[in-house]
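As written in TrEMBL, here are the features:
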ACT_SITE  A:LYS96  active site, schiff-base intermediate with DXP
BINDING   A:GLY157, A:ALA184, A:GLY185, A:ASN206, A:THR207  1-deoxy-D-xylulose 5-phosphate binding site
DOMAIN    A:4-249  domain 'Thiazole synthase ThiG'
Amino acid sequence: MRSFYGETLANGLMLGTARYPSPKVLSDAFARSGAAVATVSLRRESGRDRAGQDFWELIRALNVHVLPNTAGCHSVKEAVTTAHMAREVFGTRWIKLEVIGEEDTLQPDVFGLVEAARILTEDGFQVFPYTTEDLVVADKLLRAGCEVLMPWGAPIGSGMGLNNVFGLRAMRAHFPDVPLVIDAGIGLPSHAAQAMELGFDAVLLNTAVAKAGDPAAMAEAFATAIRAGQLAADADPMPPRDMAAPSTPLIGKAFLE
Amino acid sequence: MKLQLNGAPLHSDATTLAALLEAEGFGGAKVATAVNGSFVPATLRATHPLNSGDSIEVLAPMQGG
């Protein structure tokens, strides 16, 4: 597996921490899946109930890599400021950079994304940009200093899987040495397995696990699918073909007419 | 003086960001701060003056995807 800014992960599952029915279920999902990375966010804290402090203790107890996001940011300034605040609170240079450009699809504003990525990289951040499968944008992100790319599979929270397999396959082929993560739109373990079979290095998902009837079991299902997909990619899958090819040898077949 | 703390109006006599955090129950908490949209690192809170009309954001770890 390719490394992420020098960190080699135990597996290709990056799991979000939002929308679980309870903190206990969240912890169970991480324990059962062995997810290597937890994505987290920053929100306003109340001096009265200090809810964020308990959540932080919960995350620390997971003993995984923490990937803070800039979710909900719509401008470069907002995303850059949020990244600085996240670096101080979480004590990591990693940042999942989101600059949202469109409300219905939560599609990234790729122009703002490239600008924010350059600013943050120059300031020492290790940027994980939430982007599309657009190769030109990907190239600009790499030139801005990103060493990882995170194209969407489908709109965030949609569960549709890989909407543009051709585009994602082209991206994998175009940037053979760049760690690539499918981020967003994953609904089923089979989607995650497909991403890994295409040669992606990891899958980042949240809702598909958190909103399942049994999140911990679903987390394990995703971990298993990702492992299977990775094994398949490493095993060099056969190319598809249009016409049948008999798998049983015809040589030596009896003449029975 | 009049301030905005996480979007809510607030009257406070605190003259620095650090004093405001202490007075509003954030003492020792894992938080990040911004004043008028600009990040203020923890190391600068004690010397960061507050002025009437300032808007302060206090953020903490939260669930995210």
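Quick reminder: no glycine exception, Cβ is built from N, Cα and C everywhere.
Not measured: the values here are computed from a predicted model.
Where TrEMBL records a feature, it is marked here on the structure.
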| residue | record | contacts (Cβ under 8 Å, 6+ apart) |
| --- | --- | --- |
| A:LYS96 | active site, schiff-base intermediate with DXP | A:THR39, A:LEU67, A:PRO68, A:ASN69, A:THR70, A:PHE128, A:TYR130, A:MET150, A:ASP183, A:LEU204 |
| A:GLY157 | 1-deoxy-D-xylulose 5-phosphate binding site | A:LEU106, A:ALA184, A:GLY185, A:THR207 |
| A:ASN206 | 1-deoxy-D-xylulose 5-phosphate binding site | A:LEU15, A:GLY16, A:THR17, A:ALA18, A:ARG19, A:THR39 |
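In this entry, 1-deoxy-D-xylulose 5-phosphate is bound by A:GLY157, A:ALA184, A:GLY185, A:ASN206, A:THR207, whose most widely separated C-alpha atoms sit 9 angstrom apart. In this structure, A:THR207 is the one among the binding-site residues A:ALA184, A:GLY185, A:THR207 with the smallest number of other Cβ atoms inside 10 Å of its Cβ.
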